[in-house]
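So that you can see what the record holds, here are the features copied from Swiss-Prot:
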{"type": "REGION", "residues": "1-21", "note": "region 'Disordered'"}
{"type": "MOTIF", "residues": "57-67", "note": "motif ''HIGH' region'"}
{"type": "BINDING", "residues": "GLU552", "note": "L-isoleucyl-5'-AMP binding site"}
{"type": "MOTIF", "residues": "593-597", "note": "motif ''KMSKS' region'"}
{"type": "BINDING", "residues": "LYS596", "note": "ATP binding site"}
{"type": "BINDING", "residues": "CYS886, CYS889, CYS906, CYS909", "note": "Zn(2+) binding site"}
Amino acid sequence: MKMKETLQLGKTAFPMRGNLPNREAEWQKDWEEKGLYEQRQKLNEGKPTFVLHDGPPYANGNIHLGHSLNKISKDIIIRSKSMSGFRSPYVPGWDTHGLPIEQVLTNKGVKRKEMTVAEYREKCKEYALSQVDKQRNDFKRLGVSGDWEHPYITLDPEYEAAEIRVFGKMAEKGYIYKGLKPIYWSPSSESSLAEAEIEYKDVKSPSIYVAFNVADGKGLLDNETAFVIWTTTPWTLPANLGISVNPDFTYVEVKADGRKFVIAKDLLTTVKEAIGWEEVEVLREFSGEKLDRMTAQHPFYDRTSLVMLGDHVTLDAGTGLVHTAPGHGEDDYIVSRKYDLPVISPVDSRGVFTDEAPGFEGIFYDKANPMITELLEEKGALLKLDFFTHSYPHDWRTKKPVIYRATPQWFASISKFRQDILDEVEKVDWLIPWGKTRLYNMIRDRGDWVISRQRAWGVPLPIFYAENGEAIITPETIEHVANLFAEHGSNIWFMREAKELLPAGFTHPGSPNGEFTKETDIMDVWFDSGSSHEGVLREREELTFPADMYLEGSDQYRGWFNSSITTSVAINGVAPYKSIISQGMVLDGEGRKMSKSLGNTILPEKVINQMGADILRLWVSSVDAEADVRVSMDILNQVSEVYRKIRNTMRFLLANTSDFNPAEHTVAYADLRSVDKYMTVRLNQVIQEIRENGYEKYNFMHIYRTVMNFLTVDLSSFYLDFAKDVVYIEAENDYQRRCMQTVFYQTLVSLTKLLTPIIPHTAEEIWSFLQEEEEYVQLAEFPGYETFTNEEELMDTWAAFMDFRDNVLKALEEARHSKLIGKSLEAKVTVYPNEQIRQLMTAVDADIAQLLIVSDFEVSKEVAPSEAVQFEDMAILVEKAEGETCDRCRSVRQDVGSDEKLPTLCGRCAHIVEENYPEAVAEGFE
């Protein structure tokens, strides 16, 4: 027998390398076959419910790291709630309508004009469902647990029916109307856009100052005077019908370059410098109110423009006189309504001028800018042309500029219930405080919601028209259409005539001949997803309304958070969510937005195939996702090192509890040694910290840091560091060894449970090596925590010891640096303490040499020699330990060789070996 065989060296089949890319897929297959999600739901039946409602990602393209951050975060929360005693179902969803899918089909060569609308929509549906399947597999591969076989999809007939009913209830309350208003219009999409579909980019635009000669100055101004306006959109001048001034501003008539002009007094200096006037003479001044209802000659059309009073006119820029085109601006439209001006919008759906703009017919609006500028110069109306860069709205899908264009659209009248929404915003639990202000301000400042879209792929607006043009939206027609959609899907709208879509025998006074037509516009996709509280939360029996939480990216303040609370308050009077968490964007390692053009994108698939989903999940737990987060392969490699630390620590604990049966060998807390009690209390503190300030506050980064601090500081650097001298050296059933194994096992079980929501694959692998009742850790509950007798006194003692130990380690490091010792086991440490430290040595009640990993330790009452390292409350002398190195424990002992049968062992090891291996001692070791 070899002497090495007398050591209790840990053994485990738990592999050192995770091999996550392969093993995770095996675990996931096993979980699916065993129905673990369903088992967990059944286990928690009758318990309090926590519902995190999934915001539906768009069913198009590969998932990206933003998706991963979002889905993993949700999964961590839902798993932690399930393990905390909540019934926490997860129903994933997909948003499946909208322009991007139409664009994909166009790029694939689908000829929309060669098929019926219904046939085209069927193609859209096929593509959308194929993307759902692809993304579903990708999300499952992240380790996200949920009801993947029964997701909600916005193209599902039952969902579409629920959306129709939401629309109907809003219409019944008088919140739906049709109006001709300037709205965001995307020429590239040929459709209206909601505010949520707008993003801003810097563009270079012309900046022009234009003179409008006075036509009727009401006796105050003559025809030799001109009003000066400033605009960055020359193409809107063909639609000009007025000039707006502020009634409270002071305006001046000035003489410059031999002409007379009217400008706001406070902007005169700015305008003078911008146009380049050398000398300006102020002729007189007057209030804006005096200009009301004067007229000016349009600079190139034979018509006049009306001067109007408007509070929207500011002194921030321009001249204090605002070019007003009712068909191309919201403020323009509002002020023109007060003066009963018509609305002219002389561009079509493609952004091309119509015959309402003589001289520019067939010209794309942006191409008309230089033409109009030249015409103004020709007419003597152009005072200055310049260019400047500014932020301008763009279509968030096509990334191309949008315009304001007046078209007949269907609107939801936010103004009618705006205050109700704002009141509900106040009641929501905002886990990120600034989120409340952000959504509140958006809703406070937003206009009415344009909900109609001139596209094919979406839920049709369930509106009929009578022969006299009257719109028909009644509870009867809405319910009938909803039932048709539930049975056949919304494509039925495009397959049947209006009369076939109405209830049998339906009549209307506006249709004496019984003829009807139907709306061809579809609903804004934000109305689709914004109706999920009705189509999902109220429809699925395992869910609740309102949901406990919505968790999405911060872009959803203008999107899903906004549309959901709008529709819910409109029909239910309450917010659809009790709490909101938002997350930032995922940026590259240098803080730049990820994009194909920069070549800095990282696909989740690549990370999973190279490192494993648990690495990605651990990364999610390591970042403060409330703000923008950074990721790169370097960052992920660092996370991988942390994972390796976790894995190796757990492997050490598994190996050194391989002969430990918790039912037989567990030592009661009261019977543990002081140091083991200390570690038990520390473990309990960690459990409490992770549960209360980590999971319950959705602070994953705090969990990550708490776990790593415990593994690194408490375990690796202290407890496990000296543990080998006990668990390897002592006999199998030694009391000290069983004490430590008790702590090891409790740590294993507790940390495995606590890490399950974050790294479920690895946690399940560890769990398979433990002797616990539950077959899967996912079916277990989180560990509890308690307060122990004399806990505070115990922790104070060990906190003081840790400070003492730090001083010893510093002294040992000095000795190592001076070549006095190599390893710490070569040292003898003598302490010259004050009374407080002397009492501490007694209170610790442990083999202090063992705790410090030195061969000899002594507390001296003598005066410290000069070579001792001085500290505030002690001096420490490090010397070379006297004696020989024991072949078994590697300590330097003076009693090595004291046992003639085992001459290379110290007295302690000789005793252990003789007691437990008498035959080997008799026969002699190899």
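Glycine too: its Cβ is placed from the backbone N, Cα and C atoms.
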If you count, for each of the binding-site residues CYS886, CYS889, CYS906, CYS909, the other Cβ atoms lying within 10 Å of its Cβ, which residue has the minimum?
CYS889
Cα distance, LYS596 (ATP binding site) to CYS886 (Zn(2+) binding site), nearest Å?
63
Please report, as numbers and ranges, the same-chain residues at least 6 past the borders of the motif ''KMSKS' region' (593-597) whose CB is under 8 Å from any CB of it.
64-65, 585-587
For the binding-site residues listed here, GLU552, LYS596, which shows the highest count of neighbouring CB atoms within 10 A?
GLU552
Three-state secondary structure, which DSSP defines for GLU552 (L-isoleucyl-5'-AMP binding site)
strand
The residue listed as 'ATP binding site' to GLU552 (L-isoleucyl-5'-AMP binding site) - Cα separation in whole Å:
23
When the pLDDT values for the motif ''HIGH' region' (57-67) are averaged, what is the result?
92
Under a three-state DSSP reduction, the secondary structure at LYS596 (ATP binding site) is coil
Which residues, in sequence order, are found in the same chain with Cβ within 8 Å of the centroid defined by the Cβ atoms of CYS886, CYS889, CYS906, CYS909 at the Zn(2+) site, excluding those residues themselves?
ILE729, ASP887, ARG888, ARG890, SER891, ARG893, VAL896, LEU905, GLY907, ARG908, ALA910
Treating G and I as helix alongside H, and B as strand alongside E, what does DSSP give for the motif ''HIGH' region' (57-67) in helix, strand and coil?
3 helix, 1 strand, 7 coil
Please report how many Å separate the Cα atom of CYS909 (Zn(2+) binding site) from that of GLU552 (L-isoleucyl-5'-AMP binding site), as a whole number.
61
State the Cα to Cα distance, in Å, between GLU552 (L-isoleucyl-5'-AMP binding site) and CYS889 (Zn(2+) binding site), rounded to an integer.
56
